[in-house]
Amino acid sequence: MNSSQLLDHLNPPQAQAVSAPPGHQLILAGAGSGKTRVLVHRIAWLIQQQGISPHSIMAVTFTNKAAREMRARLEQLLGVNPRGLWVGTFHGLAHRLLQTHWQEAKLPQNFQILDSDDQLRLIKRIHQALNLDEKSWPARQSASYINAHKDEGCRADHVIETSDLYERTMLSVYREYEQACQTAGLVDFGELLLRSHELWLNNPVLLRHYQERFPFILVDEFQDTNTVQYAWLRVLAGQQCWVTAVGDDDQSIYGWRGAKIENIQQFDQDFPGTSTIRLEQNYRSTATILQAANGVIEHNFGRLGKTLHTEGEQGEAISLYAGFNEQDEARFIVSQIDKWIGLGNRRDSIAILYRSNAQSRVLEEALLRESVPYRIYGGHRFYDRLEIKNILAYLRLMVNRDDDAALERVINTPTRGIGGKTIDGIRLFAREQGCSLWSAAEKMITNKALSNRAASSVSSFMSLVQTLADQVESLQLHELAEKAIALTGLKEFHGKEKGEKGQARQENLDEFVSACRVYQPTSDDEDTSILVDFLASAALDAGEEQADEFEDAVQLMTLHSAKGLEFPLVFMAGVEENLFPHKMSVEDPTRLEEERRLAYVGITRAMTKLYLTYAETRRIHGKESFNSVSRFVKEIPSECLQEVRVKSTVTRPIEYNRPPARARLSDSTEGLGFSLGQRVSHPIFGEGVILHVEGSGPNAHIEINFDDAGTKRLVLQYAKLEAV
DNA sequence: GTGGAAGTCGTTTTT
DNA sequence: CGACTTCCAC
């Protein structure tokens, strides 16, 4: 492929970014402006036109999915697999470094990755050891303290001691936690980055090696980098590497996880001579949708400033629907979906986006009622399931006997008579000795420090693990997994669980064996065994692609997980104050701006048609709440919006909510002159809206939300209501 | 060690 | 409201 071909079909700024001479680049790429395309073409350009070896290029992404996609597109563009090129997530690359240089990083060779669930368990244990009661010192709080500090590149030793009780306690937990991880050979997500950052700082020769190896570094989704990631990057880049950062400050939605939007704002100061290129032409959405998105995001301050434009069609207006309640909202969405599919469109051209996962249920029910196939993204990852984590824990113990998190998980799973008492004893001993639980148990058995019964259970557990570990070399990965499941009795154990759960768990265990069977190692390192490699990928990679991916289904997901995707038809559900923006964010201007960026992300997912829906009444945590339409809707230029009014049924939505069973309820109120949603007045409570009616006739219970007095339940015949 | 009752708490979650 | 945890009685 020659240079003109590489630049074919690129607009001027895109071509400029792709063919720029070596140097630092900041590419501000608006939604749908061909960001990945530019990145991939840039790499191809370096290789083909500049004669740069793929070996000299590192491309960093945030998700495994993005990394895979980049690799695939590059391969397609180049016609060959670019060997030697490093493409991966920050965490994946950091892990690779630590695995290669485990000695310099002061880690055991077979260190394991601690995921957030294991992390929390470990912290709970530390709380117990420190006598912190869960009530006043929730483990979650410590977890976020630790993670936030690690994200900032701050170790316990770096924290300045204060006399503040909270700070002191958190710090002591942090210290203990670091200690526990070190003895167990465990590394959490933040630690991967922190540790590899320190690895370079402490080993100039090593750093030099990598700096010379990677004169070209490209980073995707740069707005999502946190402090350590940025520091990591700066250290690696040093003075002699060229960095290309691609990102969009308007799509920074992970601030709550430590992402620093400042990084993108500061890039050109830290990397002198940076040329900034803006990609503002959008190839995804209609002009109307873009205008709406621009209208919303303009309300944020301190933006780097971009205005998306398109040469595409004006498109249809954005529809705004006010549902009476969340059921009505869901019903409306499904009816519009039916219409769209009726026009011959595929279901997977449709996405329903929402702010919080709790919203998905009502939507699911509505889809189910109309038999519309759907798929929910997010939720539980395969490798996060209980039964899978159990078998993984056994596999981890085979690799590293000191992995305390794994041992804690399965020492009594399936139950083998090792109760809390025994485990407490082992923990205490391990603490005193500063050793892992496994070696504590070993020592206690030789010292006869355990009761006979406990000693025999513990040693049978240990020899079980040992037996399995002895076969790691000789068996295939899936054979090993199968054997482990059989020998440990996990399958029978989970099968005993009642309901369909037990069976589902057994099936998942089978699926796990198949996953092992088809597993392809990611690294071609012959040093690391396939088991070690597999365990790392189970921890770092969601195992997202599931089998049903190919089924034509409506896509449901949170706004966060929609980033990077696009759909011809998009519904944004629940655009209400206190839900979106979320009520935890409305007070704080910084967080509110992040919510607004989330709205911007949502709107720009839509290609041809966008619906915004909200509910005037919504049940949240079992309580009715009444929210007005989201401020973000009001920020959309009114000429882009069109309100959808549904016939006359609006005042009596329950009638078309669940026709046969519930219609009678509204009849019963009708006889007395009232209907759901109607405004009424009460002699004491004043004016309000009828929310719900239970029962019929004069004894019917009627729930009313009064403007001043709040929600009350009254008996109809005594309430002395008057229509307003 | 289980199962039921009672209590709790309630965003978003690339790794 | 409902998912999740915790605690207590068998």
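Note: Cβ is positioned from N, Cα and C throughout, glycine not excepted.
The feature domain 'UvrD-like helicase ATP-binding' is assigned by TrEMBL to A:8-286. Summarising the annotation, TrEMBL assigns ATP binding site to A:Ala29, A:Gly30, A:Ala31, A:Gly32, A:Ser33, A:Gly34, A:Lys35, A:Thr36. TrEMBL lists A:287-564 with the feature domain 'UvrD-like helicase C-terminal'.
Fewest Cβ neighbours within 10 Å among the binding-site residues A:Gly30, A:Gly32: this applies to A:Gly32. Looking at the domain 'UvrD-like helicase ATP-binding' (A:8-286) alone, the prediction's average pLDDT is 93. Summary for the binding-site residues A:Ser33, A:Thr36: the Cβ-based neighbour count within 10 Å is maximal at A:Ser33.
Annotation for A:Gly34 (ATP binding site): spatial neighbours A:Leu10, A:Asn11, A:Gln14, A:Leu279, A:Tyr283, criterion Cβ-Cβ under 8 Å with sequence separation of six or more. Apart from A:Ala29, A:Gly30, A:Ala31, A:Gly32, A:Ser33, A:Gly34, A:Lys35, A:Thr36, the residues listed for ATP, the same chain places the Cβ atoms of A:Val38, A:Asp248, A:Leu279, A:Asn282, A:Tyr283, A:Arg284 within 8 Å of the centroid of those Cβ atoms.
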